[in-house]
Amino acid sequence: MKIVPPKPFFFEAGERAVLLLHGFTGNSADVRMLGRFLESKGYTCHAPIYKGHGVPPEELVHTGPDDWWQDVMNGYEFLKNKGYEKIAVAGLSLGGVFSLKLGYTVPIEGIVTMCAPMYIKSEETMYEGVLEYAREYKKREGKSEEQIEQEMEKFKQTPMKTLKALQELIADVRDHLDLIYAPTFVVQARHDEMINPDSANIIYNEIESPVKQIKWYEQSGHVITLDQEKDQLHEDIYAFLESLDW
């Protein structure tokens, strides 16, 4: 069964725009409900999909953070070209890292980071995550266990330079947190199984933003946008956006 690849989305509403950024191995579906909620509150939302994401995992390994950052910048430019002068950004996981990078690269009204990593995981741990993603993708395609095993063996022979580059990106953004002055809302799931939750404290403590807040979600895991506190998260992000000086 061929999986229909997810698409970027653009929900047009009011003149305030929010760029929504998904995580590594994720896609726009991870931020779609948030996008629909914000649209209902009058915010225009756009979520790009990074190169190599939402497609067979064999394509992921041939892309890297430079490609994905270009997709983020293209998403920002897309909103600018549509006439949106004022743009906020909200990102999940790697998307949160990119949100911070946007914060010291282009004018941004406000930043929401959700479960964004600031600690470097070993390449082995990251690689395990990629293998798990690849296996899950193949299962969703309805392939037999035998075919999946064969394809996974082949997949494991492909070198993944991406992971080293991903580590370097996180380290680089962490080094530049003190260049961020935009209002920032740091969101972190207490039971995050993917990243070190202390990342949230690093972001909160090291950015120079005079207006900043941090909130811990006690019942949520890493993909907080799809977890059981998502409705509360939606309301909190909306309240933060409403507090900005648009």
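Backbone N, Cα and C define each Cβ position, glycine as well.
According to Swiss-Prot:
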ACT_SITE  Ser93  active site, nucleophile
ACT_SITE  Asp192  active site, charge relay system
ACT_SITE  His222  active site, charge relay system
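Here the features listed in Swiss-Prot are placed on the structure.
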{"residue": "Ser93", "record": "active site, nucleophile", "DSSP (3 states)": "coil"}
{"residue": "Asp192", "record": "active site, charge relay system", "DSSP (3 states)": "coil"}
{"residue": "His222", "record": "active site, charge relay system", "DSSP (3 states)": "coil"}
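Across the structure, Asp192 (active site, charge relay system) and Ser93 (active site, nucleophile) place their CA atoms 11 angstrom apart.
For His222 (active site, charge relay system), applying a Cβ distance below 8 Å and a minimum sequence separation of six or more within one chain yields Ser93, Cys115, Ala189, Asp192, Glu193, Met194, Ile195. Summary for the active-site residues Ser93, Asp192: the Cβ-based neighbour count within 10 Å is maximal at Ser93.
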